[in-house]
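As given in Swiss-Prot:
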BINDING   ALA10, TYR11, SER12, GLY13, GLY14, LEU15, ASP16, THR17, SER18, GLY119  ATP binding site
BINDING   TYR89, ASN125, ARG129, SER177, GLU261, TYR273  L-citrulline binding site
BINDING   THR121, ASN125, ASP126  L-aspartate binding site
Amino acid sequence: MADNKRIVLAYSGGLDTSVAISYLKERTGKDVVAVSLDVGQGGESLETIKQRALACGAVESYVVDARDEFANEYCMKALKANAMYEGVYPLVSAISRPLISKHLVRAAHQFGADTISHGCTGKGNDQVRFEVSIASIDPTLKAISPIRDLSLTRDVEIAFAKEHKLPITQTEKSPYSIDQNVWGRAIETGFLEDPWNGPTKDCYSYTDDPAFPPVEDEVVIEFKEGVPVKIDGRDVTPLQAIEEMNRRAGAQGIGRIDLIEDRLVGIKSRELYEAPGAVALITAHQELENCCLEREQHRIKRDIDKRWGELVYDAQWFSPATQSLNAFIEDTQKYVSGEIRMVLHGGRAVVTGRRSDSSLYDYKLATYDSGDTFDQKSSNGFIDIYGLPSRVAAARDVKFGNGIEVPKNTVE
């Protein structure tokens, strides 16, 4: 039976969720259990975050080391889908919310809570991601957000934190909202809300300035069925692969993203991201797919990848549609094995070599030199058949006076 005196809170250690603990206690009279996940975000130690939750009034606070789970089951799905929302954003925050939601539901079951709370505002995507994910796992649980439901602004939150002496470092002079994990880092609010303002150096943490790179870094990444398994000949787990590429690509300033983004809630927002490891790995994975996927399969997968990214961005990780797309994507990866060589330098990850036993690239068919096995005479019949619909349609257009106009000869 649910204990109505307890609420499970998704706790990040930041301003919104620290304020949420006190607000929940004051407004509901219920005890708050704070849940924090280690998804490779680094920064403050989890012990520090745990103690802060307790200092802010949580009755219990515990953390879950979910780094390998996040890398294996979430980042790798995003990698196989070459997930880039609107062509540039590798879903840094979007893929972590379903994992966090799963552990929140588990904690709610463990502690007998009937309510899960988060610290999201009413303008962001994450409120939708948390609540839709929670409902997809256990529709009997209630989800609330004191920050959103009370329409609290950031300056009011800061004042509340000061008044209640909550141990947070955020100030009115440094009001950035940062979300980070091993897949990347998101920075928003503050002066960045004016889209004309350029990012300053203090915005960045995962990447160095690409204008002043160190010497170029050559790396060879080996994939097995779409998953990185070796870097420069050394065995790596997915987590280790992401972490190493974060360091190496980040040192070269790779993965800085600055865009106006279409949010799920219907507004446009200015977003700043750093995702050096994700960008480098996706670049390598895409090139290996270029070698290993059959043409029509590849064309369809590019469409599927785009739709997968949109669904996951739009809080549909657990939806039937996403699960069906996962099945297609996973099937395409059975031959995506091989090595990609890249040069990392000055903000760019450039592929310089690729090899795979399952590659569909056939040198003898592709070469223009001696040894060419492509029968060029076959092209005549192919063109006749391929161009037949165009010829028939053109004849019809000419008949009705709608043929394509050709410029008259003006040469005298």
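Backbone N, Cα and C define each Cβ position, glycine as well.
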Task: Binding residues TYR89, ASN125, ARG129, SER177, GLU261, TYR273 (L-citrulline) - maximum C-alpha distance in whole Å - done: 19
Task: Residues that sit under 8 angstroms from GLU261 (L-citrulline binding site) by C-beta distance, when 6+ apart in the chain - done: TYR85, GLU86, TYR89, LYS268, SER269, ARG270, GLU271
TODO: Can you grab the distance from SER177 (L-citrulline binding site) over to ASP16 (ATP binding site)? Cα atoms, rounded to a whole Å.
DONE: 9
Open item on the list: On a simple 10 Å Cβ count over all chains shown, which one of the binding-site residues SER18, ASN125 is most densely packed?
Closed with: SER18
Task: Rounded Cα separation (Å) that holds between ASP126 (L-aspartate binding site) and ASP16 (ATP binding site) - done: 13
- [ ] For the recorded ATP site, enumerate neighbouring residues of the same chain (Cβ within 8 Å of the Cβ centroid of ALA10, TYR11, SER12, GLY13, GLY14, LEU15, ASP16, THR17, SER18, GLY119, site residues themselves excluded), in sequence order.
- [x] VAL19, ALA20
Task: Nearest-integer angstrom distance between the alpha carbons (Cα) of ALA10 (ATP binding site) and THR121 (L-aspartate binding site) - done: 13
Open item on the list: I need the neighbours of the L-aspartate site defined by THR121, ASN125, ASP126. Which other residues of that chain put their C-beta within 8 angstroms of the C-beta centroid, in sequence order?
Closed with: CYS120, LYS123, GLY124, GLN127, VAL128, ARG129, VAL265
Task: Pairwise Cα distance for SER12 (ATP binding site)/TYR273 (L-citrulline binding site) [Å, integer] - done: 18
- [ ] Spatially speaking, which of the binding-site residues THR121, ARG129, TYR273 is closest to GLY14 (ATP binding site)? Use C-alpha to C-alpha, please.
- [x] THR121
- [ ] Around the Cβ of SER177 (L-citrulline binding site), how many other Cβ atoms lie within 10 Å? Please give the count over every shown protein chain.
- [x] 17
- [ ] Report, as a single number, how many Cβ atoms besides its own are within 10 Å of the Cβ of ALA10 (ATP binding site).
- [x] 26
Task: Rounded distance in angstrom between the Cα atoms of ASP16 (ATP binding site) and THR121 (L-aspartate binding site) - done: 8
